[in-house]
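TrEMBL has this to say about the protein:
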DOMAIN    3-255  domain 'Sugar phosphate transporter'
TRANSMEM  32-53  transmembrane segment
TRANSMEM  59-79  transmembrane segment
TRANSMEM  86-103  transmembrane segment
TRANSMEM  109-126  transmembrane segment
TRANSMEM  147-166  transmembrane segment
TRANSMEM  186-205  transmembrane segment
TRANSMEM  212-233  transmembrane segment
TRANSMEM  239-256  transmembrane segment
Amino acid sequence: MCHMTACAVLSYVSIVFLKIAPFQRIKSRSQFLRISTLSVVFCGSVVGGNISLRYLPVSFNQAVGATTPFFTALFAYLMTRKQEAWATYGCLVPVVTGVIIASGGEPSFHLYGFIMCIGATAARAFKSVLQGVLLSSEGEKLNSMNLLLYMSPIAVVVLLPAALVMEPNVIEVTATIATEHRYLGLLILINSAMAYGANLLNFLVTKHTSALTLQVLGNAKGAVAVVISILIFQNPVTFIGIAGYTMTVMGVVAYGESKRRHK
């Protein structure tokens, strides 16, 4: 919730005061409904993902999340009738399979956790396709910063009651931690600013490439995060993990080459 509040404030400052991007007004009720839907779906993906982690191991959660490109390709076809070349779809197989292999196989299964995880994965895919429509729709097209400006306050309104219900003592806990750690406020501000940058880049990638490309890059991000984690924290690594993420990276490279050839 802090992240989305920061996104709203920073977007407003960037547009109104810094004039980084021109201010765009919402032109129709249908456009507002699409933005609202985008915000609610985003919140659903975050909440669903957090709930699933209560019941499923992180490795299984990561494996299910790796199927996001498939959901994205499905929603892109159903919503926009956009179809990629078959070779491009074929490149998604190693992208997804590699992360599943790296997760170490299927751990303990929990039905409710699995449903939440699948729901969050599908919501992320739907969000990517919908934001692509909002960023490129003729006549009602928004630039990335304005979309973030309108989406963030709605997300805050949706997340606030969810946070109070799921974490009723969150304010007291935060205040207690803040008294023990003097730099907590600064760290939250830095983290929120980074979240703003990440969301803005997320929109820009979707606008200039596609929703499917965004999710493929998301899988590649997992592989890069593992490598950085090993280098910084000296985490133990297995041969299966290396093999799985190597397959994912190779799939991402093949996907990029296939997109270049079939432009």
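Each residue, glycine too, has its Cβ placed from N, Cα and C.
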Interface present between the transmembrane segment (59-79) and the transmembrane segment (86-103) (three or more C-beta pairs under 8 A): yes
Selected stretch (most C-beta pairs under 8 A with the transmembrane segment (147-166)) from 59-79, 109-126, 186-205: 186-205
Chain residues outside the transmembrane segment (109-126) and at least six past its termini with a C-beta under 8 angstroms from it: 41-42, 44-49, 51-52, 54-56, 60-61, 64-65, 67-69, 71-72, 74-75, 211, 215
Integer average pLDDT (0 to 100) for the domain 'Sugar phosphate transporter' (3-255): 84
